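**Student:** Submitted below is the structure of interest, expressed as structure tokens.
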Ligand code: TXA
Ligand code: MG
């Protein structure tokens, strides 16, 4: 499935998936960031079914995915020069723009807001699907293919695990396309270009494409979101969380916290990136000590540790440097109420 798909030789699975989308059904598909749960962006009922499957509030906007070279002015009514420059630099790829929504595009896709999120992914299977769907002229609305608030999927098996009910014959999801493990591993960088005159470019969600990379193209550093900015679900305080509580622990405190927890009879899973041979954990996943490798394995690691059903997942806190911004953002939300959880377990 990972091979590049030529237009004259489109696999039947892709054609079937494109037809299912055209018929208003849901299809899960791989992207280079995470797997998406897709529907025809211009079919409000199909978009509503995404919300139903995810258990997500319907005022949360979803990203519209388009094929390489598709006409972005069909979706957005003003295309600023900044968008053109970023498209030239980063598309297809893990970057989403928020632009002013064209009047004929249903509001359902943007949770009623007057903007629209657009992205052209680089995964070959996503490109094949988007090129086959409506002859490459359509848009596929797709949030990450997980239940609301849960860890995003980076493999087809994660999607099937998330949507056990919905992938049954006759269920809400018609097909799950398998494109192997997502290369990037965390969701796309989102930059809001819809209020340039008043706010300049705003970084709504950090990701693989960094603020510095955006600044190099834009000539200005994108601002951080203010309180008045539209709420993006990936920016809610608690998100991307496994079922087991996640607690981030500073490297220097780890041995002590582990000892205290084990003295209280607690079981623990550990996600490390430095070596900790002295610690005995009930489950252990070691991630690469670089932000790109760490992002690639982060969600699969959290899911694997979740399966150990320990009392807590301890995550060795990462450096606070800019290059770690994307993964630190996801970990902070996965470990949102972390300190309270730890206090309770230690009975302090
Ligand atoms: O990498 C990704 O972006 C993945 C893959 C599937 O493309 N998709 C993804 O979708 O992460 P989702 O729905 O889980 O997150 C989309 C984010 C949300 O935080 C949403 O609120 C924001 O994009 N968003 C989408 N349209 C928006 C809009 N018009 N205004 C503000 N935020 C928007
Ligand atoms: Mg999501």
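Cβ coordinates are placed from backbone N, Cα and C, and glycine is handled just like the others.
All annotation found in TrEMBL is predicted automatically rather than curated by experts.
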**Student:** Please state which member of 60, 65, 239, 243 TrEMBL lists alongside 33, 119, 142, 188 for binding L-threonine.
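**Tutor:** Among 60, 65, 239, 243, only 65 appears alongside 33, 119, 142, 188 as L-threonine-binding in TrEMBL.
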**Student:** Around residue 188 (L-threonine binding site), how many other C-beta atoms are within 10 angstroms of its C-beta?
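**Tutor:** The answer is 26 other Cβ atoms.
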**Student:** 33, 65, 119, 142, 188, 240: which of these binding-site residues put a Cβ within less than 6 Å of any ligand 2 atom?
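**Tutor:** What lies within reach of ligand 2, judged by Cβ under 6 Å, is none of the binding-site residues.
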**Student:** How long is the line from the C-alpha of residue 240 (ATP binding site) to the C-alpha of residue 188 (L-threonine binding site), rounded to the nearest angstrom?
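**Tutor:** Each residue's Cα considered, residue 240 (ATP binding site) and residue 188 (L-threonine binding site) end up 14 Å apart.
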**Student:** Taking Cα atoms as reference points, rank the binding-site residues 33, 142, 188 by distance from residue 205 (ATP binding site) and give the first.
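**Tutor:** Looking at Cα distances from residue 205 (ATP binding site), the smallest one goes to 188.
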